[in-house]
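Working notes, beginning with the structure itself.
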Amino acid sequence: MPTAEELPALAEENADWEPGADPRLRLLRAYVARSLRPAAGAWERCAGSAEARQLLHAFLGRGASEGPRPLLVVRPGPGGLAVRAGLDAGPEAGAPRAKGLFCLRTRPEPPGPDSLRGAVLCGDLPATPLEHLAALFSEVVIPILANEKNHLDWPHVVCQDVQRHAHSLQCDLLVLLEQAKGKTLLPLPVGSEKMGFVDSESETALESMDKSVMYAIESAVIQWSHQVQVVLKRESSQPLLQGENPTPQVELEFWKSRSEDLEYIYNQLRTIKVRGMAGLLDKLQSSYFPAFQAVFRDVVAALMEARDIHTHLVPLHRHLETLESLEFPKVKPRLWPLLHVVCLIWATCELYRCPRRLMVLLQEICNLLVQQASKYLSPEDLLRSEVEESQRKLQVVVDTLSFFKRVFQDRRENLHSYFKENQEVREWDFQSSLVFVRLDGFLGRLGMVQDLLKTTLDFHKLGKLEFSGIRGSALSQQAQRMYSEFQEMYRVFSESSYDCLDPQSMVELGRANLQEFENDVSEFNQRVEDLDRRLGTVFVQAFDDAPGLEPAFKLLDIAGNLLERPLVARDTWDKYLVLIRMFSEDLDAVRMIYSQHVQEEVEYGFSSVHKNMPAVAGRLRWAQELRQRIQGPFDNFRRMTHPYETRLYEDWCQTVSEKSQYNLSRPLLKRDPETKQITVNFSPQGCLGSNEELAQSHWKESWEPSGLDMEVGGGSGGGGVRRTYGLLISVLKEVSYLQPQQMTHIPETAAAMFSSREFYRQLVAKLELMANWYNKVMKTLLEVEFPLVQEELQNIDLCLRAAEETLSWKTEGIWDYVIQITNSIHDLEQRVQKTKDNVEEIQNIMKTWVSPIFKRKDGKKECLLSMDDQHDRMEKYYSLIKESGLKIHALVQENLGLFSADPTSSIWKTYVNYVDDMLVDGFFLAIECSLKYLLENTGIYWLMDVVYYWEECKAGLTPIFEAQLSLAIPELIFCPSLEPGVKGGFYDIVEGLITSIFRISSLVPRLSPQNGSPHYQVDLEAMPDLAGMRGELMGRMRGMMTLCCGYRSTLSQYSYLYVEDRKEALGQFLLYGHMPTAEEMEAHAEDGIPENPPLLHQFKAQIDCYEKLHEDVCRLEPIQVFDSWMKIDARPFKTSLLNIIKKWSLMFKQHLVDYVTHSLADLETFIKNSESGLLKKVGKGDFQGLVEIMGHLMALKERQSSTDEMFEPLKQTIELLKTYGQELPEALFRQLEELPEKWNNIKKMAVTVRQQVAPLQANEVTLLRQRCAAFEAEQQRFWERFRREAPFRFDSTDPHQMLDARHVEIQQMESTMASISASASLFEVTIPDYKQLRQCRKEACQLKELWDTIGMVTSSIHAWETTTWMDINVEAMDLECKWFAGHIRNLDKEVRAWDAFAGLESTVLNTLTSLRAVAELQNPAMRERHWRQLMQATGVTFTMDEGTTLAHLLQLQLHHFEDEVRGIVDRAVKEMGMEKVLKELQTTWVRIEFQYEPHPQTYVPLLRSDEDLIEVLEDNQVQLQNLMMSRYIAFFLEEVSGWQKKLSTADAVISLWFDVQRTWSHLESIFIGSEDIRAQLPQDSKRFEGIDTDFKELAYDAQKTPNVVEATNKSGLYEKLEDIQSRLYLCEKALAEYLDTKRLAFPRFYFLSSSDLLDILSNSTAPQQVQRHLSKLFDNMAKMQFQLDASEKPTKISLGMYSKEEEYVAFSEPCDCSGQVEIWLNHVLAHMKATVRHEMTEGITAYEEKPREQWLFDYPAQVALTCTQIWWTTEVGMAFARLEEGYENAMKDYYKKQVAQLKTLITMLIGQLSSGDRQKVMTICTIDVHARDVVAKMIAQKVDNAQAFLWLSQLRHRWDDEAKHCFANICDAQFLYSYEYLGNTPRLVITPLTDRCYITLTQSLHLTMSGAPAGPAGTGKTETTKDLGRALGIMVYVFNCSEQMDYKSCGNIYKGLAQTGAWGCFDEFNRISMEVLSVVAVQVTQEALTKHLRHSQCCAQGQCEGSPAE
């Protein structure tokens, strides 16, 4: 059918169409006549109307091929027939009461003229079609379909389907019928008639239940849920949002109908059938049962809310009815009660205490007032009736509506008075402009109408205006023409058809009414301005034509208000000056007449007078007439008042009385609720009748006209006076100035107030002084001082309360009250000021302490620290501190008296602590000053915890400390010592100085003794700043000590000079020719360093080395300064070192001197001895003489070569010594000259002597050879005899005697051999080696050693054999035997072939073996049974008693049964170990008891988790298991089995107990402590109560049996715990299902653990507690900012959010976080996204308004980055467009712009930025670099088209201005930006590989598929996926897959992803087991097939080739 817009067009097209001309209308009339039987002519009248003609033409003539089939309805009505295009009843009120006729087009072609059959379907339409249809279905259709006989041949499926559809249609009809009545019907499912009789507890009934019935029930639950949600989502604000203007009755009716509807739903849900259905769902554990419960809960909650709100809104009904029934002028008094009730509703109805709802109610009240005002004004007559009456009505309406706004503001300010004392005040925090938007528009329209009427009233005077004068007639005609024009202009309004006050047009600005009216008004005003200009011209001409003053004043009277019109006044203003000039001319004329008259009298003695009058009377008459000529115009001037003057005075008179009385009735004082300060309340409303600023600037002058000079106290209160004296002082000033002007009427109130001005002046002066003193006290009182005067202040406040509340300026007797309270406040102010002066004096005293205690000597910069007068300076400073301390204590005591405080009270102690802290600060500054002095003089400033290196000043520092370096062999020492830890050293000295500095804080007794210390030193030493300075200074000392010690270490290169022994060094030099190094000595450790005596040049090198070293040391600096402040005096060390070097050099020189001296002396002695020996004579047979001569000759021969070469080196040595200035004795030179000659002489003598003794020598040689041959034969015989007789066998007897005899013989033969060898060497004869004798000596020694060993071994063994069994020390014997064996192995290898050696070795080895067996047999594990086994093994029977010795055991030959013994002993040892373990088990488990701890809420004893117990239990079980597996278990099998059973039971019970206890503790607070959970899960709560009882019984019972084994092995305990565990599992399962419902409500809960979710649900109503979980629910929201209430406590209104990086973003609208957590979290999510979108909208718009580097700081990081990317896309597009236009450098220019932008950002990064701003700029830089690279690549590749793949393959953000959304495009894929708040996070650098990943992933998502990046670990797969999500503003959840993931957890993840629309990134997807992967594959396939991936995208990552993820 045609729409309302199309009807006028159709009417124009078919204007010539007549209803009688169409034959089809006659056919329709026939149908109407047959069906409706209308009155005659009714159809013709109906069809003849314009609207019906259009509808009929549209129905019959228009094709119906498109859209719905045309429908025409004809109904009878009160005025005849009515035609409607559809079933809508039309605008007439009420439902149709009679049937109608419908006509429906059945085919597209228009019907023909002959017949309507086939083209139009006609039929009767009941008055209520739906009810008729419902009755038809229920009475006819349903019974027919339910009758089984009617569908015998139908298939069963068809029958069911038909019945189901019929039932569904019937339900839909019933629902529609109830909806028409305002009710919601919940249709019951098929088969519900028997639901109430099904026993849900009966298993049989449940099993027999048809699944289709359950399906129907579940489907019904789903439908009910949707219906209930529709009802719950209805808001009373919907009419307003739809553009309607409802009144408050709509609000009341809404809550009433809502309450009735919800009650109707509630009653349906409580029916037996529905309860039966719920029971079935519960029993069958249907997943829809929680949904049903949620529906029921929501209905109950909403019903309670609706009832409560309706109950509170009912009182409004009476007020609203009264308001609607009253005439509008009487409405004003009713407004205050109305808003009073609204305030009461706000304060008492918590559920209605919501700004959103209250704003709806207030807007509806405004609508009601607008409606009533419109009705009162009668808009259709407003511009047509009398203007004065219309003006009066308009003024009434404006006053009333303005009063309503004032009352609203007043109630808003006093809203707190409606709340109870202990009730939290909730203010109206919404903007009032939102409430009055329509009312303000209406007032604006009224203002327009008022101006229109005023103009009309002014111009009505033109109709009566007549002008005189020459041009009077013409001017009058012009005035009449203007009046006619005005009437014609005004006729537009008086004859208009629109509503000039239409309030709807105030809102919908597009309406024609508003445009037409405003256009008319605008045009009217423009034309009126033209008339004003013309009228001004007319008045100017009339003024110009006025012949004199009197006509001119008459013209002013006639014009009246017309002259006040702005344009007229502008033109005629200067005519007032003309009047003055004319009056002045008249005065001049009168003056001239008077002068002439007086002159005539003087000249002629008389003057002309009136005729017929005597002279005097005539003259008087003349004078009176002359004066009258002046007086008349003057009176006119006096009577003439300017309109501004009149209006100003009248306005003042109208308001001065009311406002004066109001302000005089206000309290004397006013208190600021925030600052608690008082001000004189002498009118706080501002000036009346004058500008407020003018009143404030002249506040004091207000008293002056009447002599009211007053003095006002200074200080901070002056400003308050200026702000508060406005109106009342202004009134006094106005009256004082108006009285002399003789104003006709001064208001009585103002006059009376002026008469009491002196009283007010004095009263205000006193009050002002009092207020100043009081405010000064309140301002200056510190937090610690306030409690001391709090009681006094409370008394004062109590007295002031009367002045603040009850006493007003009109109250009598207030003067005495003011005097009394002023005196008390003044006294308090003086005492408080005195205490503050005392505190200030204390601070001044402490300032005198701030000077360094220790300074440089004489204060000179170049001097060292003065240590000489250190004691005196300290004593002087200490005495100053002590005197100051006494004075401070006295001042504190004085303050105690001033405050009248109790010294034992806590408040006084707090005050003392405050002063105490002040002293701590003073001492801090004093100590800091001294420490800073030391720090500054050591090169570094210390300031405010920050160290600043002062390089420039450091160079100017001089040393402040000094130490001497001296040599105390073998150490270098400092004085004072710089070694750490040395008592009295440099460190101790400085530390002593610092200690002395800190000691000043111990000289003043503590003001606050309760601090635990008698003085302040402890606190100051603990201060971090001072401790840091102290540590820094001492650290600097330690560093300096290290530096100085390092300097000393550099001198250690000389340490060898004073550490090494000079004599030893000289000896080594003489031996090796140099000083051997440690490495050299180590290398030749075995063979020794080869000797190499030094030569002379080596001596010279050594001496030169020391001489050079001496010179180097001389060049050393004697003074060293470190870091400019430490001086080291090295002069003592240098002197000592030089002396030592001299000694080294002298040693080598002296050795050379001694060498020369001793060499010459020794040669001289040798020559003398040889000469005397050679001169002796030797005869034949003188063997001794021959031997002596031969000895001298041999010595001379041996020395000859060395002596011949000696003399030249000696000369060189002497020459060398001379070069060093070494003095030598003269005898040395003499010997050097004589001895060479003597040496030659002695050589010649030796040759002569040798020739003389040659024959004697030959004889002796022959004899010697004969002796040698005889001795050779003898030693051969001895060798053979020795081999036969020597003791080589082990069984030899008396071996030592035999060896002694042989030893004597060998000695004799060795003596003979030595004699022969001596003679042979003397006579130079060669003799044999005599090897046999030497071999005999060697073997004799070896035998001696061997038999000594044999004797030692055998004696030891014999001694051991006598040892008894109990005393045998096998260990000692074994060690000794091993030593024997080692000793034997060390004997010569030749010995091992001897029989004696073999016997010895066998004895020792057998003894060792036997001792090992004995040692094993000594094992304490050996029992009687083991000895019996030993006897069996050896075959020997013996008795073990006390007399058994080692000999007896050795006789057993145990070394032959070593293995058997070892086996027996091993068994004994193992069995003893088992026995020990079992004993330890017994001991351990007897003492081990359970440890308990009380449950935090119920104090039930809970087992404490004891890791030691678990560890012991596990260890013991392992021990028992090992024992059971041992082959030696036979003896202990029964005992071990018993223990194994006990501990296994204990382990199982403890493990199960802890599981049960953990689960119970977890669920106890939920099912017992949470009422919400108990209400939601009643059956499980009941089940848990039983569990709770059973568990507590077990816990208390277990506590009575503390022993672990006893407690856990009780009968039936394990079974009870298993039962509890199984029931706990059911509770957990129910809780999990409940949590699933919450997850469905807020799907992001799927990604939380159950514990976190429960924590959130338990704190559902405390958003501040839920904040800690926000980071798990949102990408980067860490916390929220909440609005604070009046008490500074956070409310549930969230104002913004913080990221993890502390970035704050305010919400675009406050977010209400009240209600259920899943609901308000959804609100937070929506506000988060809306805020990001809103910020992005503003950011896009503002991008070009300011420089980019400034713009990016105005918006959050995410918005700035995204907007930057959007503008990059836009600007690149613009560059492409310019390229297409022919500008070739467009892209290059943009590239330059990018580079410039990047440089700007880099400059910003170099500068000072906060961490957040720096991160933001760095992130934008990262993205901008990629953008620049993309543009550079396009330039390089000469891309000139936006369709190039290089550009399309980039991720491009764009902004859609129409949709107000951000989109991301890449290739052919487009994604809507998701607006997830990402905070200020960094972004990855975009590489070419990143671009490829982006393209691949986005194309996959575009094709409704997933993506699987693969690659090695750490390559950025996950981070790239997350970064792509950030680029699209979407939440990305990363899941680290593992083998523990099952298909359920994966399914839950998919649920959350599908419902949240987030992305899932499954890292290491290939780790999931194959079984789970198969199920996951099915899940993913189903999601892809069902297009779920349009809402959730998943990205799985795997690293293994061929993994399922790939």
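From the backbone N, Cα and C atoms, a Cβ is placed for every residue, glycine too.
Fair warning: this is a prediction, and the values are worked out from it, not measured in the lab.
Record note: among 227-254, 507-534, 675-702, 507-534 is the stretch given as coiled coil by TrEMBL.
Note on TrEMBL: of 454-481, 818-845, 846-873, the range annotated with the feature coiled coil is 818-845. By the Cβ criterion (under 8 Å, sequence separation of 6 or more), the domain 'Dynein heavy chain linker' (1333-1738) is not in contact with the domain 'Dynein heavy chain tail' (728-817), since fewer than 3 such pairs are found.
Long-range contacts of the coiled coil (818-845) within its own chain (CB-CB distance under 8 A, at least 6 residues past either end) are made by residues 668, 763, 766-767, 769-770, 773-774, 776-777, 780-781, 785, 789, 792-793, 795-796, 799-800, 803, 884, 887-888, 891-892, 894-895, 898-899, 915, 918-919, 922. Over the domain 'Dynein heavy chain hydrolytic ATP-binding dynein motor region' (1873-1985), the average per-residue pLDDT in this prediction is 85. Note: the domain 'Dynein heavy chain hydrolytic ATP-binding dynein motor region' (1873-1985) comprises 59 helix, 12 strand, 42 coil (DSSP; helix = H, G, I, strand = E, B). Residues in the domain 'Dynein heavy chain tail' (728-817) partition by DSSP class (helix H, G, I; strand E, B; coil) as 67 helix, 1 strand, 22 coil.
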